[in-house]
């Protein structure tokens, strides 16, 4: 067990309460923060790199057939294990959008391709649902259950805005607990069914959901109506019978009074470490607990907590997520006068000894890493346009480095940052820069020039690109060359300019042989004849 401080390299402001950490194909991804809507560049998903006590984020690109994935705070996230030829992935449901709207969509996030230098491309698909669908919500949980050779999703809890008929100007942004219903989603056909159980009488949110086979355990959570965190555990069993599922629930005596906690799995079995979270509105839960799921049920035992630092002990809030087996990321806001340059302090908590953790994966626990903030600042869109290289452009890399992370494969920040000159005639000053394109927010847009060894980044404004051409180049797979290496006339795969053919009208004759009579129908001729007679 260890607590290691981390230095966030130029990314401290990107990790904020409400984010989610995903483990996909051996990599860690940050989801739910800043994104760029409807572009082929990242939409709120970043690759997380931890090395030598430094925390770095790398923007992740999406495939061309991906749908728009908005940056969502406090969604329900669960791991989807490989099944019947389908790859591993993550299901994301609900959450709060950048416009403070609450989503009800279900997304499937999978790995699309991987380049020779570990450059990852993801694919996002929105799943259509029919039947009794769960409404818009956040702070809920999504779990996977397996029964009788089939699998399904279990949605429970969460918060949402008040019903439309009860909302007024004064309480327009007020939220309430969602009804304590359990929703079962069949992923194969997209069918949803809602179930009401007598044991579930109060709504709850920001709880934990741990699944094993056909059982789901709901731990802790916050009830908004009573403003309480009762120490409770509900055991839900889902039998996926032919026709309709059969649900049963029972209340267990042992439980945890906790909300917004982090669950990280330890070892090959269904053993989890619970850390973080809150015991009350003003008190963090500094203890840790070990939770084991087996054939006999669930057992919860106290576990020794790390030696928390002063920043963690004295902070009012904290957040984080699971980094994999036996490891978690903790972030606390930095406070002090004058204000520290970094927005947050980050720590890596490890509960696992070296050599442990090698085994087959179990069902990933679904944890809500965020606290229930109502006055948090709304999300912004991405601060940059990122045009990454396609995997086929990286085939010249060495094949022996495909499975290991190499520091040299990262983009050199001294060459790709906004504080350097991108070309000989660069006139962009990041300190006094003002938006030039309508798609920019806080930083100038950059585009990748494929010329030279490894290429280089240039400002789109310095290249005098129109906004339409900038968007068209970002959506295509062609190579771009800056003005110093050929410019626009030498673009590959640039759409050809359509030249409209000129219409030549015949010249009027100089001499007319006779008056030109308009063509008239026989009916018109008879009408005019009677008119003049």
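Every residue gets a Cβ built from N, Cα and C, even glycine.
If you check TrEMBL, you get these features:
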REGION    356-413  region 'Disordered'
COMPBIAS  371-384  compositional bias 'Acidic residues'
COMPBIAS  386-395  compositional bias 'Basic and acidic residues'
COMPBIAS  396-413  compositional bias 'Acidic residues'
DOMAIN    417-495  domain 'Recombination activating protein 2 PHD'
BINDING   422, 426, 449, 456, 459, 462, 482, 485  Zn(2+) binding site
REGION    493-520  region 'Disordered'
COMPBIAS  505-514  compositional bias 'Basic residues'
Hey, of the binding-site residues listed (426, 482), which one tops the CB count within 10 A?
482
Taking every protein chain shown into account, which of the binding-site residues 456, 485 has the largest tally of Cβ atoms within 10 Å of its Cβ?
456
What's the number of neighbouring CB atoms sitting within 10 A of the CB on residue 459 (Zn(2+) binding site)?
23
Of all the binding-site residues given, 422, 449, which residue's CB has the most CB neighbours within 10 A?
422
8 Å Cβ shell about 422, 426, 449, 456, 459, 462, 482, 485 centroid, Zn(2+) site members excluded:
423, 447, 457, 458, 463, 483, 484
Using a 10 Å radius around its CB, how many other CB atoms surround residue 462 (Zn(2+) binding site)?
21
Across the domain 'Recombination activating protein 2 PHD' (417-495), average pLDDT on the 0 to 100 scale:
69
